[in-house]
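*Asks:* Encoded as structure tokens, here's the structure I'll be asking about.
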Amino acid sequence: MLLEETEPPNQTLDHVLSWLEDSVSLSPLPGFDDSYLLHEFDGSQTWEWDQTQDPEHGFIQSYSQDLSAAYVGCEATNLEVVTEAPSIDLDLPPEIQQPNDQSRKRSHDGFLEAQQVKKSARSKRKAIKSSEKSSKDGNKEGRWAEKLLNPCALAITASNSSRVQHYLCVLSELASSSGDANRRLAAFGLRALQHHLSSSSVSSSFWPVFTFASAEVKMFQKTLLKFYEVSPWFALPNNMANSAILQILAQDPKDKKDLHIIDIGVSHGMQWPTLLEALSCRLEGPPPRVRITVISDLTADIPFSVGPPGYNYGSQLLGFARSLKINLQISVLDKLQLIDTSPHENLIVCAQFRLHHLKHSINDERGETLKAVRSLRPKGVVLCENNGECSSSADFAAGFSKKLEYVWKFLDSTSSGFKEENSEERKLMEGEATKVLMNAGDMNEGKEKWYERMREAGFFVEAFEEDAVDGAKSLLRKYDNNWEIRMEDGDTFAGLMWKGEAVSFCSLWK
């Protein structure tokens, strides 16, 4: 698929603005305004878990036969109507000791009662203070959903059917798709555990989840706009990537080569209007031609990667480029190996939140892919990935626990970003994010391991310049103050944090 314009006519932005029912200004780069929603290419896919590859296959096969019958005692609870909070108190105030006979004799003046009131007040203040601290610093004390889901996963691994049934019943009582982050995590986790224990048809009928591939085009468009407005989850990495591209081009301002960007990402075009606008405002002007080659693998069920059928941002992005007098070409490929490069262009690769889906244990597909990228001789590579601990995917319970940590940060942050309790946009983003719980092959890794892979592939890390760092910090001030960016290792590592816990990282390589 190829879209190209060689002689851009004079045209205003009215056609772009009228296409949008809404707009959002993120100012990802100093002086520029990203107000244009882009479309995604056609495509949808399904994923089916292969139970025969799981170490607990024997137990699961026998247990799933009785799963429906086992739920007779639990199925009366509707996930949507649970409103009472779970009776989990991790910071209980100390009990007040009853006075003995001698103390009662001295209590006629109310002294003891006053002391009891003071103790009770102090206990309440202590509990509130502890709760606030837990919420602020990301402490796990208040995260009760994981304390139910993780033991259930361990019970599945141990083939302990009675404990599995116990935890599933408790979770079904507490889970809710419209409650707080704990209740929603309980609901998504419960669904994932059921999926692991039974066929996908049974688990999906238990509680339907909305994803990008099943969304209507207008709803998908509206959701992307809203998410970029309320969360830096992808907005900040996109910002850093665009700044890195400009940084690379600025190192040789007299270079008049074309710019070729390989997009291995999940932005659905949201990233590029700001970059195009920045290119048009350079003193030396934009490159003679800008090529964007999108690697769109519709066969991989990677969270956030595949939009709804009929969603195509190509024509809208071309129209925007024409208005800026930029000669833009967009190509879509399904394999990295099919890329056509030229010595007369500056090749830059943007790999964002897609490579962690590749295998990394027996067959190191991640390392092989990075070596394939190196063989293209790019002028720069921007790598943005989830920054999380890795655990062997062969251990279901350990891998599930790490995925729960990732999903908790997403759900907790969307609770702050989306103020409406039943926001449809939030449900769509969360449904897409929590696909990771159902995907046996989707494993994160820490930035140290990714840095090791990049060096083994022949890349050298490069520091972000001051403008890139300042632009990222300026963008982050638009969001909840629990978000922060940490620059480490001589500004070669930009880490996005939520309540002090690592979410993702962005890095630049040459």
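Each Cβ is built from the backbone N, Cα and C atoms, and glycine gets one as well.
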*Asks:* For the feature motif 'VHIID' as recorded in Swiss-Prot, pick the matching range from 234-238, 259-263, 279-283.
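*Replies:* Range annotated as motif 'VHIID' by Swiss-Prot: 259-263.
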*Asks:* If you average the pLDDT over the region 'Leucine repeat II (LRII)' (312-337), what number do you get?
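*Replies:* Averaging the confidence scores along the region 'Leucine repeat II (LRII)' (312-337) gives 93.
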*Asks:* Summarise the region 'PFYRE' (347-435) as counts of helix, strand and coil residues per DSSP.
*Replies:* 48 helix, 14 strand, 27 coil
